[in-house]
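Report on one structure; see the data block that follows.
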Amino acid sequence: MTNSNSITPVMQQYVTLKQQYKEYLLFYRLGDFYELFFDDAIKTSKILNIVLTKKGNVPMCGVPFHSSETYLNKLVKLGYKIAICEQLETSEEARKRGYKSLVKRDVVRIVTPGTIVEDSLLEAKESNYLACIVMIKDSCAIAWLELSTGLFCYHMTYISKLDSDLLRIGPKELLVADDLLEIEAVYSIIKKYRFSITQYSSSFFDENRAYNTLCNVYGVSTLKGLGDLKGVEISVCGSLLEYVIATQKGSLPKLGFPKAYVQSDFMFIDAAALRNLELFSTQSGELEGSLIASIDFTVTASGGRLLKRCLSAPLASADAINRRLSVVEFFVNNQNLYKSVRQVLRGIADIERILTRVKIARCSPKDLYSLKLTLEKTCELVELLCKFNIDIISEFCLRLGRYEDLICILNNSLLQNSVSSVKDGGFINPECDAQLSEYIYIQECSNQLIQELRDRYRNITNIQSLKILYNNILGYYVEVSSNHLIDDKNFIHRQSLANNVRYTTTELKELESKIISAKDASISLEIKIFGQLCSDVIKYADKITITAHTIAEIDMLTSFAELAVQYSYSKPIIDDSYEFNIKKGKHPVVERNGKFIANDINLSSEQRVHLITGPNMAGKSTFLRQNALIGILAHIGSFVPAEYAHIGVIDKVFSRVGASDNIVCGYSTFMVEMIETAAVINQATERSFVILDEIGRGTGTYDGLSIAWSVIEQIHNVNKSRAIFATHYHELSKLDKYLKHIKCFCMKVEEWDGKVVFLHEIIPGASDKSYGIHVAKLAGFPQSVVNRAEYLMDKLKTNEDLLT
C-alpha cells in the first residue's frame with residue numbers, strides 16, 4: 001500500500017479504515033459508486049470481471065451503488081467477506097464544518113456468507129445459517145443462527161457426530177477457534193465442506209466473555225431465568241452473538257433466546273445416510289434427482305425452508321407425526337379446500353425475513369407493502385379455514401391471527417407502486433399527511449405556480465412581456481426589457497444587462513425556496529413516516545412471527561396433500577411398535593422415471609433382518625434406499641409411496657450403500673466403508689433402521705465374507721435393529737439357519753433362450769447365481785472377453801488350474 005504521507009485526504013481516510021478491516025474487501029462509498037483500491041481492487045476486478053484502472057499509482061475499480069447487491073451476491077457466494085463503508089453526511093454538511101472538511105465515512109455493516117438478510121442475496125427456499133463450534137476439554141457444542149429469520153438453536157454433540165450435524169444444518173459460514181482446527185479429527189470433517197470459515201483465537205470463545213454478551217443482548221443480569229445454558233453451551237451461543245453484533249455494527253434484531261435442539265425429539269440420520277440417500281442433492285451435487293426435488297410442492301419460501309428443516313431432522317414422536325398426518329389427511333379429503341389454500345399461499349411474501357429487515361432498519365417500502373398484502377392474504381386463509389369446525393384447523397386459524405388495524409395503517413400510508421429504496425421518495429400516500437401533501441403539490445405544480453405569479457406581476461406592473469426565468473446563479477428572477485423599468489419597491493433589482501433588467505421579490509424567493517426544498521423535505525418526511533410505520537409493524541412482531549411459522553406449516557402440509565393426491569401416496573400407520581411393514585412400496589424418486597416394480601417388505605420382530613442376494617443390476621440398492629426413504633417420509637408427516645405402511649417409530653437411520661465409494665480425507669474406499677459400518681454397529685439401537693449394501697466387497701473374499709458375517713451377527717444379536725442387508729456373498733444365506741430373526745430374500749431373475757431378464761421383484765429365498773458375466777455383456781464387453789470369462793468360470797467351478 002502507498003505511503004500514507006503521500007496520498008490525498010480521501011485516500012488517507014480509506015487507508016485508515018482498511019487498517020481496521022484488513023480481512024475484508026472494503027467497499028468505499030464515493031458518490032454513486034463503491035470504490036475498491038490496492039489489492040482489494042486487483043482481486044475484486046478479476047472475480048467480478050470489471051475494469052481495473054489506476055489513479056496515479058493506485059489500482060482501483062468500482063461498482064455502481066444502485067446495482068451493488070448483484071456484485072455483493074457473487075462475492076458472498078464465493079465466500080468473501082465485505083465491509084460496507086458509507087458516507088455519513090453530504091458534502092454540503094461537511095462544508096459547514098469548514099470549506100476543506102472531508103465527508104465523514106465509516107463502515108456501517110459487514111457482509112459475510114452467514115449474516116446476510118437482504119432478499120437479493122438470499123436463496124428463497126434455503127436457510128442461511130451462521131454456525132459456531134466450541135470445544136472445552138471433552139465437551140463439544142454447536143450453535144446455529146439464521147439472522148434473516150431469527151431462528152437460533154444449540155446442541156451438545158460429539159466429534160463422531162459432527163459430520164452429521166454440519167450436513168444436517170448446512171451452514172453458509174462456520175465460526176471456530178484457531179486451535180480447534182488443529183485437531184485432526186475435527187479438521188478432517190470440516191475440510192470436506194465448502195462453507196466459509198471464520199477463525200478467532202480461543203480467548204474469543206471464553207465462557208465469561210460469552211456470558212456477558214448474552215446478558216447484554218437479552219438485557220438481564222443473569223441467565224438463570226432464561227434457560228438451562230451452561231459451560232460450553234454459554235460459550236458457543238455467546239460467541240456466535242458477539243460475532244453477529246460485530247458484523248451488524250450493533251444493529252441486531254430482537255432475537256429469541258437460543259433453543260436447545262433435543263436429539264431424542266428427532267430422528268438422527270447419520271452423514272453417510274444423508275449423502276447416500278440423496279435427500280438434498282445427488283452424488284454429483286445436483287438438486288434434480290434428489291428426494292427434496294421430488295417431494296417439494298411448497299409455494300412459499302418459508303414453507304420450502306421448513307420442509308428442508310423437517311427432512312433433515314424428521315420427528316421421532318408418534319403423537320407429533322400423527323398430528324401432521326391428520327392435517328394432511330384432512331386436506332387430501334378436502335381437495336377443493338387445499339387447492340384454494342395453495343392459491344392464496346402463492347400470493348404470500350416471505351414475511352419472516354421481511355420482519356427481520358424491519359427490526360434492523362434495513363427494510364424497503366416494497367417490503368412493507370408486501371407485508372401488507374400478505375396480511376390481507378392471511379385474512380383470506382382464515383376465512384377459508386374457519387368454515388371447518390375441526391380442532392387441528394381451528395388451531396391454524398387462531399395462530400394466523402387477524403391484522404385489520406395494521407392493514408388499515410399500511411393501506412392508508414403506502415402507495416401501491418412502493419419502491420425498493422427510500423432515498424428517492426414517492427412511496428408514501430400524500431393524503432396521509434397534510435405537510436407531505438403540500439410538498440408534493442409544490443413539486444407537481446411548480447411550473448403552474450410560477451406562471452400564476454408571472455401573470456399577477458404582469459397585471460401589477462402592466463408589462464405584458466414580463467417573464468419569470470431561472471438560472472443556476474440567480475435562481476428564479478423577474479426579467480423585463482430595458483424599456484420597461486419597474487418602479488415598485490417590492491421588486492428588488494438584481495442585474496442589468498444591455499437589453500434587459502432582472503429583479504426578484506420576497507414572494508418569488510419564498511416560492512423558489514419552497515420549490516427547491518420541497519423535494520428534499522418531502523423525502524425526509526416520507527422517511528420519517530416510514531420509520532413510524534416500521535415502529536407500528538414492530539409492535540406486532542411476535543404475532544407476525546407466529547403467523548409466519550403457521551403459514552410455513554400450512555404450506556408444507558398442503559404440499560404433502562398435493563404430493564399424496566398426485567402420486568397416490570397412502571397414509572402410514574405410525575406407532576411405538578417395532579413394525580416396518582410395507583406393501584407395494586416404491587422409490588419416491590426413481591418411480592418418476594417410468595414403469596416401476598413395487599415390492600413388499602415386513603421387518604417384524606420375528607424377521608427384523610432381511611438378507612437379500614441376487615445379481616447387480618437387479619435392483620437391490622434401489623430397494624434398500626426405497627425403504628429408508630419411505631421411513632423418513634413417514635416421519636416428516638408425509639404420506640408414502642406404498643399401498644400400505646405400518647412403521648414403528650425410528651430413532652436413527654444408517655446407510656452404507658455404494659454411493660460413498662470415493663476417496664475422502666485420504667482414506668481408501670474400503671476404509672470409508674469400514675468407518676461407515678463402524679458408525680452403524682456402534683450407534684444403532686433396536687429402534688434404528690439400517691441398510692447395508694455389499695459390506696466387505698472392498699477386500700479379499702475371505703476377509704470380506706468374515707466381516708460381513710460378523711456385522712450381521714452384531715446387528716442381529718446386539719443392536720437388534722430393523723435392517724436390510726444386501727450381499728453378493730451367497731454363503732451368508734446360511735445364517736437364517738441359526739439366527740432366528742433373519743429371513744433370506746433374493747431378486748427374481750428369469751432365464752430364457754440363453755438370455756437373462758431382471759424382474760426387479762423381491763421374493764423369498766436365496767440366489768445361487770451372481771450373473772456378473774451377463775452384466776458385463778450388457779455393459780458392452782467385447783464378445784471375446786465374455787467368452788473367455790465364461791471359460792475361466794467353468795474351470796474355477798471344477799477347481800481346474802487356470803493356467804493349463
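All residue numbers here begin at 1 and follow the chain in the order shown.
For all residues, glycine too, the Cβ spot is worked out from N, Cα and C.
Database features (Swiss-Prot):
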BINDING   Gly614, Pro615, Asn616, Met617, Ala618, Gly619, Lys620, Ser621  ATP binding site
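In the three-state DSSP classification, Gly614 (ATP binding site) falls within coil. Classification of Gly619 (ATP binding site) by DSSP places it in coil, neither helical nor stranded.
A C-beta separation below 8 Å, combined with a sequence spacing of at least six in one chain, links Lys620 (ATP binding site) to Ile612, Gly614, Asp693, Ala726, Met747. Remark: of the binding-site residues Gly614, Pro615, Gly619, the most isolated position is Pro615 (fewest other Cβ atoms within 10 Å of its Cβ).
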